[in-house]
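Trainee: First the structure, which I've put down as structure tokens, then a few questions once you've had a look.
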Amino acid sequence: MKFLKFTAILSLTIFLWSCDNDDSPSPEETGSFQVYFDNKVGSNEVNLTAPGDKNYQYETANGEKFNVSMLGYYVSKIVLEGPNGEYYADEMDASAADSKGYYHVMEGESATANIQIENVPAGTYDRVTFTIGVEEDGVQEGAAGGVLDPANGGWFWNWNAGYIGFAIEGTAENSQQEYVDWGNGASTEEKTFALHVGGWKDVADNENFVNNVRTVTLDFGTTVTVGDGLSPMAHVVTDVLKMFDATNIDFNTTYSVHAPKAGAPFANVLEQIFVVHHVHQSTSSHD
Amino acid sequence: MIKNCRKYLTFGWVLLLLYACSDTEAPDKPFGFEKPEHFPEPTYTFENNPVTKAGFELGKKLFFDPMLSRDNSVSCNNCHQQSRAFADTPLHATSIGIDNQFGIRNAPSMANMAFMQEFFWDGGVTHLDFVPINAIESDIEMGESLANVVEKLNNDEEYPALFQAAFGVSEITSPFMLHALSQFTAMMVSANSTYDKYVLEGQPLTELEMAGMNLFQQKCAACHQGELFTDFSHRNNGISSVFGDEGWATITEDPSDIGKFKVPSLRNVEITAPYMHNARFNTLEEVLGHYDGNMVDSPSLDPMFKNGGEVVGIPMTEEEKVQIIAFLKTLTDHDFISNPLFRNND
């Protein structure tokens, strides 16, 4: 047995060595690509304020005044495509060790806004596709680590197992939320709102199940080149005001959304709130 | 070339692993999960979480450890006891958790979880790994946050080494804790009852039990179907017309589903009293009395229990009830409830 182990290690060494030796310039050149998520309320930057802050900074088209205290979403299944058939799908693997290909973009945590994709085949690209939320294949594989880990900031619904794909919380002038003391040091402030969009079940012939996971495809309107030493970026703007305007939100009745059906109207407009603002050929020039 | 290189590398590692493993007499083999011949394929994702001795033992330790609750007073075992096929004791109709608070639901048996498609009476959880999060974070069950439990485990003297041994991780995270609990739970296969010996080995049932089995097939098996004795559907079997606990409607958000609950497995039902999601009945005699003549009408009552507009339930004679109960008792798996594999080591 010892001998076999030795043989195995020897053969591994030979493989390693042969790899090293053959490492001539590769015809399969790759590069990186960055997707940058820039959250906005209309043309304004998002300025997070504490829940209950009644000094309203924003207003919907219908005159609903509000603030934002928390905003975030899961981005997954990123795909890049180009005019000549270029295609690259970010590797996906939700496992206990990590959740590869899942990103949790959180307003106020700037590092989460920059999604860096490596090993993209060299070429020109003019389109990005991504999914907001976590689809069935990310839920039904069981407990997952990384950004999906519920003990580490993952947004997990215990009672109706699955992940919240998109969430925005804040304070609104017309919200009917009353102050609640939860008795364990936690409380809900007056006039706050919380919209949690989740739900991933697709059941044939059963409209009771709403799948609120949405896939968004955005054209760059131009091409960027991926290759050795290049690091292009797509600057995506996420405008939450569009979500409120497109759903004609009335905070008087809609201030507490925590179930799939109630979240459906917001999921249905998700595609409209993302836009590629511009692309850069090089990351360093990013503003 | 880069790609090819990787292929060789993987190949090399696989060889190495194979050889290294064959050296140690496959220690995990006895802990491999085995599907009973007559059961359906398991639903559990063993490919992501294969059962090993180290993982199973770790899951067992967690299961019996009150550290999983806020004040270190409640363990999973408080509400799921082996002598009850891992259901709660009849003393706790609906389970009692932290600060002696009463829950609203009766703790079901944990037998054969590896084969189930949904968990909890309302079917809200669709993967076994996620079940314990509810118990740990429920205010009335263990009142603890998953993050705190993970922190406590990381600061413990024993757990970090045990997780390292089971999963090769230097830091404990919640998915590995959940995987360990699932390994312990998934091994709880109950398939060695008198009934199973009849099905698998042709060991005869008594005349009474046979008569009961035939009646069961006619009257009950439409819902309590197959070798797991559930068709995995959600139905209202007429125990009430007012539902403070809405059941399946909590998940579907459809008022027409109010009062529907998951059809429970009936394996080991003799020892899992009380019965129904709200622990409504204490004996099997009461349950059959309910099906026979005490059913309550409500909009979601299963159509099977109605004839035209009239609630007919499942008409049975007293003799038939005795026969059916005799059959239900053949589903008790004495090997399972006394198997030392699941006993606390400490």
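Just so it is clear, glycine is given a Cβ too, placed from its N, Cα and C backbone atoms.
Residues or ranges marked as signal peptide in TrEMBL: B:1-22. If you look up TrEMBL, you'll see B:C76, B:C79, B:H80 marked as heme c 1 binding site. The feature domain 'Cytochrome c' is assigned by TrEMBL to B:207-332. For B:C220, B:C223, B:H224, the entry in TrEMBL reads heme c 2 binding site.
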Trainee: Sequence gap of 6 or more, Cβ distance under 8 Å: name the residues on the same chain that satisfy this around B:H224 (heme c 2 binding site), in order along the sequence.
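Mentor: In sequence order, B:F216, B:T230, B:D231, B:V263, B:S265, B:L266 meet the Cβ cut-off.
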Trainee: As a test of reading the model: what is the averaged pLDDT for the domain 'Cytochrome c' (B:207-332)?
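Mentor: For the domain 'Cytochrome c' (B:207-332), the model's average pLDDT rounds to 94.
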Trainee: By DSSP, what is the split of the domain 'Cytochrome c' (B:207-332) into helix, strand and coil residues?
Mentor: 48 helix, 14 strand, 64 coil
Trainee: Hey, which of the binding-site residues B:C79, B:C220 is the loneliest by Cβ count within 10 Å?
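Mentor: Sparsest of the binding-site residues B:C79, B:C220 by Cβ contacts within 10 Å: B:C220.
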Trainee: May I ask for the distance between B:H80 (heme c 1 binding site) and B:C223 (heme c 2 binding site), taken between their Cα atoms and rounded to an integer number of Å?
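Mentor: Between the Cα atoms of B:H80 (heme c 1 binding site) and B:C223 (heme c 2 binding site), the distance comes to 25 Å.
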Trainee: Work out how many Å separate B:C76 (heme c 1 binding site) and B:C223 (heme c 2 binding site) at their Cα atoms, rounded off.
Mentor: 29
Trainee: Going along the chain, which residues six or more apart from B:C223 (heme c 2 binding site) have their CB under 8 A from its CB?
Mentor: B:T230, B:D231, B:S233, B:R235, B:N237, B:V263, B:D302, B:M304
Trainee: Measure the Cβ-based neighbour count of B:H80 (heme c 1 binding site), defined as the other Cβ atoms within 10 Å of its Cβ.
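Mentor: Summing over all protein chains shown, B:H80 (heme c 1 binding site) has 22 other Cβ atoms within 10 Å.
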Trainee: For B:C76 (heme c 1 binding site), which of the three DSSP-derived states applies: helix, strand, or coil?
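Mentor: In the DSSP reduction, B:C76 (heme c 1 binding site) maps to helix.
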Trainee: Quick check: which same-chain residues outside B:C220, B:C223, B:H224 lie with their CB within 8 A of the centre of the heme c 2 site CB atoms?
Mentor: B:F216, B:K219, B:A221, B:A222, B:Q225, B:F229, B:T230, B:D231, B:V263, B:L266
